[in-house]
Amino acid sequence: MWLVTFFLLYSLRKAHTEDVGTSLYFVNDSIQQVTFSSTVGVVIPCPAAGSPSAVLRWYLATGDDIYDVPHIRHVHANGTLQLYPFSPSAFNSFIHDNDYFCTAENSAGKIRSPNIRVKAVFREPYTVRVEDQRSMRGNVAVFKCLIPSSVQEYVSVVSWEKDTVSIIPENRFFITSYGGLYISDVQKEDALSTYRCITKHKYSGETRQSNGARLSVSDADPAESIPTMLDSFQSREVRAGRLVELPCIASGYPNPAIRWLKDGRPLPADGRWAKRITGLSIADLRVEDSGTYICEVTNTFGSAEVTGTLTVIDPLRVTLTPKKLKTGIGSTVILSCALSGSPEYVIRWYRNTDLVVVDDFISIRGISNETLLITAAQKSHSGAYQCFATRKSQTAQDFSIITLEDGTPRIVSSFSEKVVNPGEQFSLMCAAKGAPPPTVTWALDDEPIPRDNGHRTNQYTMSDGTTVSHMNVTSPQIKDGGVYRCTARNSVGSAEYQARINVRGPPSIRAMKNITAVAGRDTFINCRVIGYPYYSIKWYKDSLLLPDNHRQVVFENGTLKLMDVQKGMDEGEYLCSVLIQPQLSISQSVHVTVKVPPLIQPFEFPPASIGQLLYIPCVVSSGDMPIHITWRKDGHVILSGSGVTIESKEFMSSLQISSVSLKHNGNYTCIASNAAATVSRERQLIVRVPPRFVVQPNNQDGIYGKAGVLNCSVDGYPPPKVMWKHAKGSGNPQQYHPIPLTGRIQILPNSSLLIRHVLEEDIGYYLCQASNGVGTDISKSMFLTVKIPAMITSHPNTTIAIKGQSKELNCTARGERPIIIRWEKGDTVIDPDRNMRYAIATKDNGDEVISTLKLKPADRGDSVFFSCHAINSYGEDRGLIQLTVQEPPDPPELEIREVKARSMNLRWTQRFDGNSIITGFDIEYKNKSDSWDFKQSTRNISPTINQANIVDLHPASVYSIRMYSFNKIGRSEPSKELTISTEEAAPDGPPMDVTLQPMTSQSIQVTWKAPKKELQNGVIRGYQIGYRENSPGSNGQYSIVEMKATGDSEVYTLDNLKKFAQYGVVVQAFNRAGTGPSSSEINATTLEDVPSQPPENVRAISITSDVAVISWSEPPRSTLNGVLKGYRVIFWSLYMDGEWGEMQNITTTRERVELRGMEKFTNYSVQVLAYTQAGDGVRSSVLYIQTKEDIPGPPAGIKAVPSSASSVVVSWLPPAKPNGIIRKYTIFCSSPGSGQPAPSEYETSPDQLFYRIAHLNRGQQYMLWVAAVTSAGRGNISEKVTIEPAGKAPAKIISFGGTVTTPWMKDVRLPCNSVGEPVPAIKWTKDSEDSAIPVTVDGHRLIQANGTLVLRSVKAEDSGYYTCTATNTWGFDTIIINLLVQVPPDQPRLTVSKTSASSITLAWIPGDNGGSSIRGFVLQYSVDNSEEWKDVFISSSERSFKLESLKCGTWYKVKLAAKNSVGAGRISEIIEAKTHGREPSFSKDQHLFTHINSTHARLNLQGWSSGGCPITAIVLEYRPKGNWGWQSLRTNSSGEVFLTELREATWYELRMKACNSAGCGNESTQFATLDYDGSTIPPIKSAQGEGDDVKKLFTIACPIILATLGVALLFIIRKKRKEKRLKRLRDAKSLAEMLISKNNRSFDTPVKGPPQGPRLHIDIPRVQLLIEDKEGIKQLGDDKATIPVTDTEFSQAVNPQSFCTGVSLHHPALIQNTGPLIDMSDIRPGTNPVSRKSVKSAHSTRNRYSSQWTLTKCQASTPARTLTSDWRTVGSQHGITVTESDSYSASLSQDTDKGRNSMVSTESASSTYEELARAYEHAKLEEQLQHAKFEITECFISDSSSDQMTTGTTDNADSMTSMSTPSEPGICRFTASPPKPQDSERGKSVAVPIPHRASKSDYCNLPLYVKSDAFFRKPDSHEPCPVVPPREASIRSLARGYHPPARHLTLDPAAKPPGLPPPSSSSSSTTLPQRTLPMPTAASTAPAPAPAPAAPAEPPANTTTTTTTHSKVGGSRDSLLEMSTSGAGRAQKQGAGAYSKSYTLV
């Protein structure tokens, strides 16, 4: 129940929540003033708006509507007010200088904006001035920009100039916020400049430049003086939150100190207060900052002070609450207006933009009228209310939307009828809405419900005004049943709802009270029955069953409704009868009485005029008596004394007014009431009033041209109509004529007449006449007199005077006398008594006055605006006269823009043109040493030109130059003389002896000699080599490269050229001045290269089952890169199991080839490439083709077994070569002795591989064979088997054994179908190391009923030999299945073989292929500091790749992963390599500055060296020394750069930054500009200022602090590293102990003698291959990457007598990111994916060409030491082994990057004599190596068991490593580079391992270097090859077999080569020999190890083959650390191998 109630309430809230939301708003109510230029106009958007769209209107502040004035004012449809540009004569103050406001109105109400002051500003001519100032050295100077007061409000200072250069506020120059210029610490040179201010008009945008003012600086030492105020303030008024600057600056000597006081007290400590040289600055002003401020300046000779007042104005803010209100009629509304800000304000209230008038309903309360109260609100009170607060010029407002609606309650949610059990609580909910919120009451059967414990009510009001009431009945009884009614009431009305609630129990009827009904209304009578159930409720009246007429309705719940009750008809007894049983009823009666309500007859008020008698009766025509009649006016009781008399009778009441007046207007209501009801009737009384004058017209004066209002205001009802008439003339009016209303003359809303522009013709009488049809019309006349204000009628706008001559200015005025004429010059009134140069004469001329101003004589200062002002009592007018005084011009300011070798560029600025147009310029120049009599000149230069070039000068010469300017008045004085020096010239001769030599397919070497000495014109700085391709189709444009000069002969190599293309080359020399002529073009052709694109249109067509035709077309000629030699077709087969066949290739010169001998019905991949003399080109995309079908080969195997006495079962294997799709199998059965001529034939489906043949004869032999059938026909038959049926059927397996290969994570089925009688039992076992383990059935393994073993989601550990044994009473049978699980390939070994500026060449060696051919490689690379990797997909045959288009000088990260049919394998270690190049550097030998004058500097940036990478940008920053701010200049050119607008005679700091892709280089220097006269300035002197001590302290303290931090950081780092070393040592010991425990495990064949020691693998960087020098070994303790492990430390952890311990070999320069101490990342999981989970991901290992080395030191004292390059192979039992995980060599990089020890890998890694000699010298320093012998050998073991190893030669070895002839005698060379593209055996040498398809003879064809008597007994020709488990090999056999390439170099200090000690007999057959053995020579006396016993020739089929001695070379499953200690008894898995390189020290 409660849950239901909650959902009802929630739905109610959602359904009735109404958003009152304000639909009116202000876009911007802060607009309160708009000033605009008369020449521009203005557009003012309406600040108010509404949603939905509101009607926008504009009004004047007086409330008058505004109207459109064509071309003057217009209101757009969107509410925008536009004032158009206008001339001064069209100015109208009503339009252009008035207050406006805008309103927005929609259904929500109407709001108005604050008043907006709109003011137009005229474009007045004005001048700004700066006066000359005086100051002492070291003091302060203040310049002020003097702006005329008439425009001061609109004009502001925007900048200052010093000698036409804008002043940047810094150092000694400061610009105040109000436009003053302060110069502190005045220097002598400050007097050499002129200072100007620049102003800007805020509204017109017009700028003005002042005159140039000068500063006079006293030459003498400063004189002692008291302080004098230079700038101060008096009062400021600023808004809060802004910044203010109070100026206070004074001069004096000594410099005065400044102290500030506020209200007589020192300034408080506040960060907002800042004392500056310009004064006191206060930020974020607050009201409390207001006060009186005193600035005191004091020195030793006196003091001065200035006092000013600061007033902070807090802006007014108004908040009106509530913002929106929706309530009901009759409620009370309270609006509160809260203000913040200034306390002085006035509040006004508006409703819908009208001022609120206080009446009976509305009152305004509060001290400041801040509260508006509305009582008994009516519908008319709805609307928008605004609270306006005004203080002086500030106005703020806020508004609220009030919505009043009919508040009569209504039920919005209720309950329904229900039946409840006694004691079962229930709750009833009733929700009502109204305004004000109603109150809900409850009744049961028309009686109030008592409040007790059983009945509880709960009522609350929701946020939307809904009242919710609950009636909760906790334990209902029968009496609680009945009709429940909820009634909602408020002051407006009521509403109710009822429904029956039945409580189960015996029915009964409550006593019913008599009912009084109102006639004409509906009445409900409830039958107050309680209890439930009952059958029916019926009503009777006068024994008649109701209803008996249409006005009666009986509802199902027993309620009787009487509609339109009638007296008499509906009165009487009503009986309610309730049928409670079929024959039993109960009843109760009720009496109904009908009362008739009053009925008022209609009445109306007749039209009434003031003073009339009025009588209105109110008659009640019907209704039960008694009836009470009353009257009300406007809802209030009519009081006595109001002039209204009321007379009442029994059924009538009359209202009588003896004399009607205006106060009687209103709504009158007659109310009649009796016992039945109260009724009323309302009518309105309107009193008509004749017109009367409120304001009578009176005679008045109008001013010509101004607006005039003729006042006339009338009142009356209906509102009177006013008409204005006019009678011209000043005499008695004869006749009045109606005045036509125009745009100039209009009638205002108050009836007054508005004349917008009063004219003289408006003189006359005006009549105001009003009428409204009541009484007689009224009228009143008045006389208008027009007064003429003073007006200027004539004056010249502009005039010209000549300097030194007299000039007269005339001005004529008219208007009402007297007229006064005043002359002003600028803003100053001219007084001839004080200034004798001026004279004023005035005379009358009729109705005009003429005034003349005479200047005697005119000078330059008179070039201003003169104004004559005419003034009388009615106005003032002004005439502006611009006087221009002309004179000869000032000399121009000349500057040298650019000086070249043979020319110079001049620029000049004309300072003052003499107020006459400049007509030309003259330039004169001469040699510095000559007099001006020998000058050269250029005359009459056009005045429109401000710069010129002087040519034909001599390089490196000194010239003097000056200028004149002239106008029509005369010629100026000469300008200041400048001195310049010309520069060097570019070379005039080309380089000599240019030759070209092609170097590669993309490079040409260019050689040449310098130009002749006499043509160099300076020092040759470098050369530009231009080259272009001369082949057809090239654009013929030269590409330019640049290099520095190195001597008389030069060499340069052009790279990145097109291959096999002809190029033309030219060379040019350049010096500082430029580039000389180029040499003659010489041509050369680049060398050939391989084709860069494959052949096109490659097609393949299958001709027969073993023949296919491949065709193609020639690649594009442009991609051949040479002479095409032929084509090579590469193809390989794709087997059904997903593996690839052997790759083959065919070479041809034709464009078609026929491939024969292909496998039948086989998919082939085909690629075609073209080759040139340079090698093979790019292969084409792989093309797939399938050969056609042929007849199949014989089935691969056949079995036949007896299944009963008369039947046999034959099974077979599919053909090894099906040559097509097998359609069926045919089984042949023949009996040789039966005499049947033909065998019987049986056919089966292709998916059935066995068949039962029945009905055979017992004891008779039968011969069986099988043939497969394809679409090509029947194939070859299988081997024939003989069988005879037998009664006893022993267990036989008809399935076949063999090898099953599958990818991991797949389900595999191993079949073992058997026959026999009885049915055989099946048992599966799996071979382990020492026994066969039964296969258990679990979730992973399942044995089906037919004997099939199902392995689900196979893993690598599921690989192995599975044996199925079938057994019954008569025998058993066994098959063996070898399961090989393919896994993703192992990680490749990635190395860097070569780098260049834009490329990195990578090489790699693939890892274990996981049992599946490698399909390709994925190479990823990224920039070192980026994690965005790019992918490159590479063919599986590639072993190297060149990354091109890389950034120069950039580190790159590279990683590689291989992919096979299973998926992608482990990612290689991330290696890093850097392309060639470095950041730019600046050569100290280069001259940076080529020219410096007083304002410019020219820089030569050719001194920047690119570092091998092109420079992308050069940034120059410079500043005057001592300044903080830098000016910057950016360029991409390395040529010349100009620094302009420098200060003269100033030292500058310059810093440069040049950047390329490798980084940025920096360079800094200083330079000084020249003085204004061209002289140099002295060096910088160290002058200690205020901040010097702080700077020195900072300079000293910083290094100390940094050093202290560095020491502390070093201490922490060393402590951390020490902890890491200890942890690594513990890890090393733990690993050693673990290896000991593994080593102590027992095997099948225990090793005799001491076990081999564990090998500790420690990750350190790759360094030199041989031995560290003594100094390096001593530094092991300082290694920061790997802890040194000593013999003593290892002896504590392990038994020194039982195995060897590991010692790390270090290099002092180590990188720190080479991995942890024990790095297991190189442990190859082989085919075991589980083991990979414990190995770190390759992504976590990042090596900068680092390698892992392990030094295993045996405790046994032997002189032999072996350095092996692969720690995964078995090490020697005697000696120290250093292992290397990478297969390439490296040396320390020459790169100097910090933190990077990168290694440069070469394509071939070999040791030279020099390296061995150095190692020999190092060995002599070590006591342990005094008698050392160096042996260097190499050994290779294939990592594949492919068919390539069956050839018996090394030619087909895996191409990842190739053996080559040593480059030097005695040194075995190792090459890690991939095969070259043109290698003829490339197809054979590609490392694509083929899955093993072994037969017995596979191991007979192993290469010589794999065979060994120790493992295999040589088979005789008649003896089969011994069966050996696959993937087993002997280290000894490898060493023995691979002896031909082995070489030795013996370096013995004693010249006595010791041999190897002979092994003991006890260990000769069990101890593994050294990994590499030297060739038997005279120098080697060590005997060969004794051979091990031979293996048995033919082990039994059901036993495991073992060997006496063998070693695991490269396990694919077990740990490699385990492998090194495995000893004998471990079976080597197929395909394992090792690649290694070793160096042996004996």
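From the backbone N, Cα and C atoms, a Cβ is placed for every residue, glycine too.
What Swiss-Prot records for this protein:
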- CYS46-CYS102: disulfide bond (DISULFID)
- CYS145-CYS197: disulfide bond (DISULFID)
- CYS248-CYS295: disulfide bond (DISULFID)
- CYS337-CYS387: disulfide bond (DISULFID)
- CYS430-CYS486: disulfide bond (DISULFID)
- CYS527-CYS576: disulfide bond (DISULFID)
- CYS618-CYS670: disulfide bond (DISULFID)
- CYS712-CYS768: disulfide bond (DISULFID)
- CYS811-CYS868: disulfide bond (DISULFID)
- CYS1312-CYS1364: disulfide bond (DISULFID)
- 1094-1190: domain 'Fibronectin type-III 3' (DOMAIN)
- 1384-1478: domain 'Fibronectin type-III 5' (DOMAIN)
- 1716-1742: region 'Disordered' (REGION)
- 1781-1805: region 'Disordered' (REGION)
- 1841-1865: region 'Disordered' (REGION)
- 1940-2042: region 'Disordered' (REGION)
One of the disulfide-bonded residues CYS527, CYS868, CYS1364 has its Cα closest to the Cα of CYS46 (disulfide bond), namely CYS868
Reading the DSSP string in three states, the entry for CYS811 (disulfide bond) is strand
Taking the domain 'Fibronectin type-III 3' (1094-1190) alone, what is its mean pLDDT? 92
I need the CA-to-CA distance for CYS868 (disulfide bond) versus CYS527 (disulfide bond), whole Å please. 106
Proximal residue to CYS811 (disulfide bond) among disulfide-bonded residues CYS295, CYS387, CYS576, CYS1312, CYS1364 (C-alpha distance): CYS295
So CYS868 (disulfide bond), by the Cβ count within 10 Å over all chains shown, scores 25
Around the Cβ of CYS248 (disulfide bond), how many other Cβ atoms lie within 10 Å? Please give the count over every shown protein chain. 27
Nonlocal residues around CYS712 (disulfide bond), in sequence order (Cβ under 8 Å, 6 or more apart): PHE693, VAL695, GLN696, PRO697, VAL722, TRP724, SER751, SER752, LEU753, CYS768, LYS780
Round to the nearest Å and give the CA-to-CA distance linking CYS337 (disulfide bond) with CYS618 (disulfide bond). 47
Determine how many residues of the domain 'Fibronectin type-III 5' (1384-1478) DSSP places in helix, in strand and in coil. 0 helix, 52 strand, 43 coil
What's the CA-CA gap between CYS1364 (disulfide bond) and CYS576 (disulfide bond) in angstrom, rounded? 100
Conformational class of CYS527 (disulfide bond) under the three-state DSSP mapping: coil
Pairwise Cα distance for CYS527 (disulfide bond)/CYS145 (disulfide bond) [Å, integer]: 101
Ordered by sequence, the long-range same-chain Cβ contacts of CYS576 (disulfide bond) under 8 Å (at least 6 apart) are ILE509, MET512, CYS527, ARG528, VAL529, ILE537, LYS538, TRP539, GLY558, LEU560, SER587, GLN588, SER589, VAL590
Have a look at the disulfide-bonded residues CYS102, CYS145, CYS430, CYS486, CYS1312 and say which one has the shortest Cα distance to CYS295 (disulfide bond). CYS145
Rounded Cα separation (Å) that holds between CYS430 (disulfide bond) and CYS387 (disulfide bond): 40
Highest CB neighbour count within 10 A among the disulfide-bonded residues CYS145, CYS337, CYS811, CYS1312? CYS1312
In whole Å, note down how far the CA of CYS1312 (disulfide bond) lies from the CA of CYS387 (disulfide bond). 102
Nearest of the disulfide-bonded residues to CYS145 (disulfide bond) by CA-CA distance, picking from CYS102, CYS618, CYS670, CYS1312? CYS102
